[in-house]
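Here the structure comes first, spelled out in structure tokens, and everything after it is commentary.
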Amino acid sequence: MIKLFVGLGNPGPEYEATRHNAGFWWIDALARELKVTLVPERSYHGLVARASVAGHSVWLLQPQTFMNLSGKSVAALARFFKIPPEEILVAHDELDIPPGQAKLKRGGSHAGHNGLRDIHAQLGTSDYWRLRIGIGHPGVKAEVVNWVLKKPAPDQRTLIEDSILHSLKAYPALLAGDMDKATLLVHTTKPPRPKATRPAQAQAAPQAGAD
């Protein structure tokens with residue numbers, strides 16, 4: 001089961017609504033779902049909440065170290081409570097996935113994400129779970145830093161929030177350790193409903209002047 005849920009982002013009001021803070025948004029949504037409140041914990045260099053689920057302690061963490069030092073916070077809490085990497089899930093922004101989608105995976109490279117890079121280094125492994133929240137790509141590599149540190153357009157923000165709410169449907173499976181079910185829930189989105197069409201003979205004649 002997942003015992004430590006981490007959301008990546010940067011602290012401070014100037015970063016709160018930026019794409020790079022999508023992981024923070026996810027943890028905020030999970031905290032609301034579990035009815036817990038994140039509070040500062042200096043020992044773990046972040047905002048922390050503890051929930052009790054089926055007799056097990058579950059931890060929520062938002063590192064307050066700034067993105068590039070996220071591993072310091074994650075490793076401090078994981079080591080103190082003896083949580084192995086395979087029981088950690090890190091929610092983060094993902095350039096290679098469009099807004100409105102999220103993907104669940106275990107292990108793999110950090111793909112240039114500095115928060116993941118530091119977690120790799122501090123845990124000494126990449127063998128932890130990631131929830132990759134799509135923020136889209138600016139199309140030009142040179143614009144990536146500017147892109148992640150800017151606010152998404154309102155329609156993109158709505159899509160990102162929709163994907164966060166959709167992926168939260170998987171949290172009971174994550175807590176139960178049913179990662180196949182969790183993956184299916186995260187990756188499956190409802191296709192748009194086809195528009196109902198009337199039989200030709202049943203259609204009313206257009207009124208004069210309706211054009």
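Cβ atoms are placed via backbone N, Cα and C, with glycine included.
Note that the structure is predicted; figures quoted are calculated from it, not measured.
Which of 120-142, 189-211 counts as region 'Disordered' depends on Swiss-Prot, and there it is 189-211. Taking the Cβ of Y15 (tRNA binding site) as centre and 10 Å as the limit, one finds 17 other Cβ atoms among all the protein chains shown.
There are 27 other Cβ atoms within 10 Å of the Cβ belonging to D93 (site 'Stabilizes the basic form of H active site to accept a proton'). Taking Cβ-Cβ distances under 8 Å and a sequence gap of 6 or more within the same chain, the neighbours of H20 (active site, proton acceptor) are L8, G9, N10, M67, D93, V148, L149.
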